[in-house]
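Enquirer: What follows is a structure written as structure tokens; I'll ask about it next.
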Amino acid sequence: MGHSPPVLPLCASVSLLGGLTFGYELAVISGALLPLQLDFGLSCLEQEFLVGSLLLGALLASLVGGFLIDCYGRKQAILGSNLVLLAGSLTLGLAGSLAWLVLGRAVVGFAISLSSMACCIYVSELVGPRQRGVLVSLYEAGITVGILLSYALNYALAGTPWGWRHMFGWATAPAVLQSLSLLFLPAGTDETATHKDLIPLQGGEAPKLGPGRPRYSFLDLFRARDNMRGRTTVGLGLVLFQQLTGQPNVLCYASTIFSSVGFHGGSSAVLASVGLGAVKVAATLTAMGLVDRAGRRALLLAGCALMALSVSGIGLVSFAVPMDSGPSCLAVPNATGQTGLPGDSGLLQDSSLPPIPRTNEDQREPILSTAKKTKPHPRSGDPSAPPRLALSSALPGPPLPARGHALLRWTALLCLMVFVSAFSFGFGPVTWLVLSEIYPVEIRGRAFAFCNSFNWAANLFISLSFLDLIGTIGLSWTFLLYGLTAVLGLGFIYLFVPETKGQSLAEIDQQFQKRRFTLSFGHRQNSTGIPYSRIEISAAS
């Protein structure tokens, strides 16, 4: 179409490098925390505060980032976030005290949160319907690659003097490369000019921009106008079920489950990190290949169903199988949890939690017990704090034979792998893809950021409520409750989330405008021959 720069490869590099930066920054603390503890004499509380400072910065970005994205443009937001990330990385690399480390981590958290929102929106608007699913999902693949890359660099730099400074500094490399890629892509300050440049890529007609285009305020997200309330319901439902299915806490026990099947000591942590990382990469690549063929709705339904089965399986197994102890709070954290950020990776959600009160069921439920630790530690809801938990359980009646225990432990490991895979081709990439599609361009940044803030809040709520929930109903019933929540999420997706594959952003917007509230049953064809799944409950006024 006369474009000299290779637009699709550049879009792919923007998405991949953005995700790689995101994943690297999330995971790098796992290797840097132990040398930081030794160099600065950090207590458990100080370690948690350092790790949690990233969350504070990301939360701030989710609150104000949408306005920045809509006011200054997607491309400018990405470039600005990369500059902020460079400043944060420089602060971390030169830090001489805990205060500077916390400041640097908070700045980095702000940068990666803003970049994640802007990248998903920018790429979704830049490419056509046939490429949108693959290229936006590439961000999730970049996250998993970035996490694995951070593990490799952490290992290589672990024994070097001031190695943690280099660990933080290497995050600037993908950010610089992403900025260079953006220089050859259309700008976003002039909305009309930008969209005219994008028409050959979208393969459709130019949208009517200018005075005739509707203007939206933030409060319109909660009004019936153009079915904005229905769109917000879909967006919030997806991000909330993404977290309320319990994946921030289930993956805390990855290293424990690996240890229970015979991988003890350091090998347990390595396998929990690298092994699950490899599983996530494979599942994300599968999602990339299917998202524009099978569709967003199909992947969400399949992923949520498998998550419900697998987390329920872990809960049932934990009734009978005692788990081995985990690391102490001063050990290098095993980064195998989930942050709940866009493109959510599922590898960074270890929790640092205090002792859990025993249940009133005479130990009939598996419960958590804290490993030995050097200092008392207050409760923390930080989703990436260093772990120091162990699983223990006891069942009344005769113990299972050793062979039975082994079978159940391997079953728990299989369920964990299925859970990670299901999240990685379902909620992980598809949630953010759908959010980047369903809102009008004029308010897309603010709407995306609004939903993202609820994702962070739900992640924090799940982490904070975990102890009380286990103390009340026990570990096994907690996992079974997560399974029930996944079943409810399955129903929500089936009823409310339409299929958007193969449709331009303008067509998706028009479909939402025609209905105040929709339920999705089966598949049918619209007048343009593009399949989507919904039935009309009430016509728009």
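Note: Cβ is positioned from N, Cα and C throughout, glycine not excepted.
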Enquirer: Identify whether P6 and P440 belong to the same side of the membrane as annotated by Swiss-Prot.
Expert: yes
Enquirer: Given Swiss-Prot annotates Q242, Q243 as D-glucose-binding, which of W410, W432 belongs to that site as well?
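Expert: Site partner of Q242, Q243 for D-glucose, according to Swiss-Prot: W432.
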Enquirer: So, taking each listed stretch (78-98, 135-155, 234-254, 299-319, 477-497) in turn and counting its Cβ pairs to the transmembrane segment (270-290) that are under 8 angstroms, which one gives the highest count?
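Expert: Stretch with the highest Cβ contact count: 135-155.
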Enquirer: Could you tell me the maximum Cα-Cα distance in Å between the residues recorded as binding D-glucose, namely Q242, Q243, W432, rounded to a whole number?
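Expert: Answer in Å: the longest Cα-Cα distance is 13.
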Enquirer: Short question: most Cβ pairs under 8 Å with the transmembrane segment (16-36), which of 49-69, 78-98, 107-127, 167-187, 299-319?
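Expert: Counting Cβ pairs under 8 Å, the winner is 167-187.
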Enquirer: Can at least 3 Cβ pairs under 8 A be found between the transmembrane segment (415-435) and the transmembrane segment (78-98), with each pair 6 or more apart in sequence?
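Expert: Judged by the Cβ rule, the two regions do not touch, with the required three close pairs absent.
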Enquirer: Compare 49-69, 107-127, 135-155, 299-319, 446-466 by their Cβ pairs under 8 Å to the transmembrane segment (78-98) and return the stretch that comes out on top.
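Expert: The stretch I would name here is 107-127.
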Enquirer: Around W432 (D-glucose binding site), how many other CB atoms lie within 10 A of its CB?
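Expert: Excluding its own Cβ, the number within 10 Å is 31.
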Enquirer: Okay, the transmembrane segment (446-466) and the transmembrane segment (107-127): do they have at least three CB pairs under 8 Å, pairs separated by 6 or more?
Expert: yes
